[in-house]
Amino acid sequence: MSKFAVILPAAGQSTRCRVKRMKKPFAELNRRPVWVRSTELFINRDDVAQTIIVISPEDREWFKEKFRPNLAFMDIEIVDGGAERADSIQNALARVKSDIDFVAVHDAARPLMVEEWVDDVFRTAIKTGAAMPAVPVTSTVKRVNDKNEIVETVPRENLWLAQTPQVFRRELLLEAYAKRNGLIATDDAQLVEAIGHTVTVVEGSPMNIKITTGEDFKIASSLIEALPKKDPLRSLHPFQDDPGDQWR
Ligand SMILES: Nc1ccn([C@@H]2O[C@H](COP(=O)(O)OP(=O)(O)OP(=O)(O)O)[C@@H](O)[C@H]2O)c(=O)n1
Ligand SMILES: C[C@](O)(CO)[C@H](O)COP(=O)(O)O
């Protein structure tokens, strides 16, 4: 069985969204912290051998104290975040063990992923070396200037919205970050593309939203009940190399 490390970036400043003055990964979504929802998806998987959460240095001691009960039951490493998301990932990547085959990077601010969707991305990454979920753009796309005037209608054919977890062979992601040269990439796939490696998209679900604003909390709260329920028999047979399932 391939061994995966999971990196959960949770070190952002959450400038677009504070809930009771708390940064979004630490706020509660339907009575459970966002970061816990995002982490528990991975921490109990048989194929996940290492879990790292990235926390801003300013939050580190507070985080360890506030979530001591949760952390007590999780074999999870806390790494300091950086100024940009890519800096945070780079810090965590340096701690990934050498016997890890694949690295999955999943925004702690995306608490609505479900197990079978993760299986699909993991399975595709095993086959291709690099995979990520995305959803096709379904609305018309406009480019707008700073006066809110439309300057262009962007052709939306073959445009997809990237999501996470983004999953890469460990050596590939290490090479991509080693050649980053300070590029402020907004996702990890961009760095892998930049070194010429194909990244395969797995069609995802629009329900796998990233909590960015307060409105997203309301959307996420209502979506939780709509998520596919976990198949109780699924965990008895972790995925093998069966044909890639389509997202339900
Ligand atoms: N320097 C950073 C920036 C972002 N993130 C994490 O990357 C994910 C996606 O980033 P985003 O949604 O942009 O979060 P913030 O940067 O906190 O949001 P904002 O831009 O509103 O400050 C989040 O889980 C965030 O905590 C991180 O670990 N380190
Ligand atoms: C990684 C990501 O979630 C893919 O859509 C997105 O790029 C994160 O961007 P952010 O500005 O750091 O939220």
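Cβ atoms are placed via backbone N, Cα and C, with glycine included.
Database features (TrEMBL):
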- Arg16: site 'Transition state stabilizer' (SITE)
- Lys24: site 'Transition state stabilizer' (SITE)
- Arg156: site 'Positions MEP for the nucleophilic attack' (SITE)
- Lys210: site 'Positions MEP for the nucleophilic attack' (SITE)
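Distribution of TrEMBL features across the structure.
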residue: Arg16; record: site 'Transition state stabilizer'; Cβ neighbours (10 Å): 12
residue: Lys24; record: site 'Transition state stabilizer'; Cβ neighbours (10 Å): 25
residue: Arg156; record: site 'Positions MEP for the nucleophilic attack'; Cβ neighbours (10 Å): 13
residue: Lys210; record: site 'Positions MEP for the nucleophilic attack'; Cβ neighbours (10 Å): 18
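Filtering Lys24, Arg156, Lys210 by Cβ distance to ligand 2 (under 6 A) retains the following recorded sites: Lys210. Lys24 (site 'Transition state stabilizer') carries a helical DSSP state (H, G or I).
In the three-state DSSP reading, Lys210 (site 'Positions MEP for the nucleophilic attack') counts as coil. Reduced to three states, the DSSP call for Arg16 (site 'Transition state stabilizer') is coil.
Recorded residues Arg156 (site 'Positions MEP for the nucleophilic attack') and Lys210 (site 'Positions MEP for the nucleophilic attack') have their alpha carbons 21 Å apart, per Cα-Cα distance.
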